[in-house]
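Here the structure is laid out as structure tokens; the discussion comes afterwards.
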Amino acid sequence: MNSKIFAVLLLLGLLSCVLSDQYCPKSSITACKKMNTRNDCCKDDDCTGGSWCCATPCGNFCKYPTDRPGGKRAAGGKSCKTGYVYY
């Protein structure tokens, strides 16, 4: 009896971990003119209020995580600069 309860609780715990995954929201923009590219952030630490630094075709922006996959977190790195990006 106790092993069945333990198995059910373990299954519920694993299920809640899987369901609680968070992602950057999918961008509705598929392309952007280079002159409109801007980075508001390069890493999550640049964002406030629990938002993440997410990559879009028009640059990196702070977005609140969602439970739907499809978006992409900004890679950051030394070459990332905030502000308008000029090529």
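Every residue gets a Cβ built from N, Cα and C, even glycine.
For reference, Swiss-Prot has these:
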type     : residues    : note
SIGNAL   : 1-20        : signal peptide
DOMAIN   : 21-66       : domain 'WAP'
DISULFID : Cys24-Cys54 : disulfide bond
DISULFID : Cys32-Cys58 : disulfide bond
DISULFID : Cys41-Cys53 : disulfide bond
DISULFID : Cys42-Cys80 : disulfide bond
DISULFID : Cys47-Cys62 : disulfide bond
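Positions of the features from Swiss-Prot, shown on the structure.
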residue	record	contacts (Cβ under 8 Å, 6+ apart)
Cys24	disulfide bond	Trp52, Cys54, Ala55, Lys63, Pro65, Thr66, Gly71, Lys72, Arg73
Cys32	disulfide bond	Thr56, Pro57, Cys58, Gly59
Cys41	disulfide bond	Cys47, Cys53, Asn60, Phe61, Cys62, Ala74, Thr82
Cys42	disulfide bond	Cys53, Asn60, Ala74, Gly76, Gly77, Cys80, Lys81, Thr82
**Item:** Cβ atoms near Cys54 (disulfide bond) (within 10 Å, other residues, all chains)
**Value:** 25
**Item:** For Cys58 (disulfide bond): DSSP state (helix, strand, coil)
**Value:** coil
**Prompt:** Can you tell me the three-state DSSP label for Cys42 (disulfide bond)?
**Reply:** coil
**Request:** Determine the mean pLDDT over the domain 'WAP' (21-66), rounding to the nearest whole number.
**Result:** 93
**Item:** Cβ-based isolation winner (fewest other Cβ atoms within 10 Å) among the disulfide-bonded residues Cys53, Cys58
**Value:** Cys58
**Asked** By a simple count, how many Cβ atoms lie within 10 Å of the Cβ of Cys62 (disulfide bond), its own Cβ left out?
**Response** 17
